Amino acid sequence: MRTNALPPPRTRRSFGGFRRAVAVGVLALAGTIAPLALSVPADAAETTLGAAAMQSNRYFGAAIAAGKLNESAYTTIANREFNMVTPENEMKIDATEPNRGQFTFTNADRIYNWAVQNGKRVRGHTLAWHSQQPGWMQSLSGSTLRQAMIDHINGVMAHYRGNIYAWDVVNEAFADGNSGGRRDSNLQRTGNDWIEVAFRTARAADPAAKLCYNDYNIENWTWAKTQGVYNMVRDFKSRGVPIDCVGLQAHFNSGSPYNSNFRTTLSSFAALGVDVQITELDIQGASATTYANVTNDCLAVPRCTGITVWGVRDSDSWRSGDTPLLFDGSGNKKPAYTSVLNALNSVNPNPDTTPPSTPGTPAASNVTSSGATLTWAASTDTGGSGLAGYNVYREQGTTDPQLGQSATNSITLTGLTAGTQYQVYVRARDGAGNLSGNSQLVTFTTQTGGGTDTTPPSTPGTPAASNVTASGATLTWTASTDTGGSGLAGYDVYREQGATDPLLGQSATNSITLTGLTAGTQYQVYVRARDGAGNLSGNSQPATFTTTGGGTGGSCTVTPTTQTQWPSGYVIDPVRVTAGTSAISGWTVTFTLPAGHTVTGSWNTQLTVSGQTVTARNAAHNGNLGPGASTAFGFQVSRPNGNTSLPSGYTCA
C-alpha cells in the first residue's frame, strides 16, 4: 500500500534509447504519444528529477493515485518532476479482479492514460501478493488458488501487453525476522514453486515487460531476509527462471534505517544478472543526507535503472505522519528534493564500466566427498568503484551454475556431490557490478568416501539457556561429532511448536544468541547438527525458558494513524510506539478489530490474532528504544464491503 505522482514533458537532453520518449498507445483512447526530443546545452544542469535522472539513462518516478488526478496542484508537480508512474493501488488484485473472472481496469487505465499522454512510462504493481486479495481469492486454497493466480496474471497482463515497462510480478513473499524464509501465506501453501510459476506465467503473457520481484526490508545486506531473496534470485538465474529485476522498496525509518551497505546490496543483486530498482522510496523525516545517499548508491551501480518515491507530497503519503517525501503538504520542495536533484546532476558522465582484472587460476585443496577449498591470485580494479568480491561458477554446459561468492580470494565450497568431477572458474566483480573475465579452470574430483555420506552427525547435548531477555536468549550445548566423511557443518535451532517447528536460527558453533523473541513467552527449543552432505542429527533434548514479562523495562504509548481506506479495507500506518521517560527493550501493543475484520498483512512487527484481539510485538530490529524515542509498525485489514469501522482500544506495554 502506498501513494504518489509524476513529471511533465519538458526540454531535455537527448540520451540514446530514452530519446524515443514513450511512443505508446493510450488505452481506450485514439492515437499515440509523440516523442519528446528537444535538447538543451550540454553543460546545463537539469531542473527536474526525471530529466536529471535521464542524464544517466535512469528514471525517477512516483506512485500515483487515480483519485488525485483531478487535483491540479498534485498533477502539476507529478507531471513536471517524474518520468515513470506506478499506480498506487489501482493495478492490485482487489482493484483489477474484484470478482473471479471479471476484470475491471477503469482506474488503472485512468492512470495509464494520464501517464502516456504526458510522456511517461508505467511500472505495473502488483500481480501476485498475499495482501489486498479480494474476498473470493482469500477463500480459495490449493490447486484452485494456484489456477486463480495464473488466470489473474494472464488477464491483467493481456490487457496491458506490450505497454508496461516492468511488472512487480510477486510482492513481499519473504518473512520478516531472522529465518530468511518464505512468508506463510495462502499462496505459499499452494506449493513452494508458486513464485517460479508466477514468473513463468508472466513471461509467456508479455515477453516485452521486465519481470521484477519486489519486497521491503531487503536493503540491509546483512539481514536474513535480504539473503533469502538473494538466494532465490540466484537460484532462478541458475535454472533459467525468467526474472529481470529486483525491486527494493526502501521504506526507511527508525525501525528499518538506511545502512551504508545498501550499495553492496544493490551491486550484489546486480551481479546476479538482474536490474535493481528502488521502487517505493520514502524516508522518515525526509533527511536530505539519506535521500542523497540512496540516490548516489543507485547511481554507483550501472544496473540500478531507476528510483520511484511512494508519493508526491507528504499529505499524499501512506506515512504522512512521518513527512517522508520530497514535497511538503503544500507542494513546496524540501531540502531533500535539492539533495536528490544535485546528486542526479552530479552523476559521473563516465561511470565505472571497467571490469576488474581476471583472477588467477584457482587451486583446489582440502577436497572431501562434499566440499573443497579454492584459492586464487587476487584481481585489481581501476574503474573507481573498487573490488567488491568474487563469484565462483561450475562450467556445466550453456548455463554455468554459481557455486558461491566470496569477499576474499578464497572460498570453501560445500554441498558438492561425492565422486564427481568439477571444473570451476572465478570471476571478480566491482562495486558497480562489472564482472571480470573468467579465470582459467581448475579441475578436481570429490572423494567417494566409500560412497555418498549418509551418516548423520551425533545428537547435540541438551542446550542451556542464559542471558534471557524480553526478546532474546543465548543457548549453549555440547558439540556433535561427524564420522560420515563430509564433516560437521553447523547446527539448526528449532522451537518445538506442534506439527511444524519453526527454525529460530543457525550457528556454525555450539552456541547461538537468539533475537526477535516475544516478551513473556515460554519457549521449548532443541538443536540438530548438520554435516557437509546435508544430513541432520536427531533432536537434542529440549531446553525450556521464558522471556522476561512485558519485558519493556519502562512505559510506552501508542498512536495509530489511518493511512488510507477503501470500501473493503484499510491500512493503519504508522502505528507509532514511543518510550516514556525510561528506555525499553521491547514493547507489546494490543488493540481490538471490529467484527468481520481480518488482518491481511503487517510490517515491522510480530503480529498475532486471537478472535478480534490483536497483539503486535516488536520485531528483532525495533524493540530497543531510548527515553522518548519512537518506532513504528503498520498493518492492513480487509472488512465487509461498506463497513467503515476501525480498530479501537490501543494499549502499549
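Heads up, the Cβ atoms here are built off N, Cα and C, so glycines get one too.
Caution: TrEMBL annotation is automatic and unverified by curators.
Per TrEMBL, the stretch carrying the note region 'Disordered' among 347-368, 391-412 is 347-368. Across the domain 'Fibronectin type-III' (358-449), DSSP assigns 0 helix, 39 strand, 53 coil.
When DSSP labels each residue, the domain 'CBM2' (549-653) comes out as 0 helix, 61 strand, 44 coil, counted as helix, strand and coil in that order.
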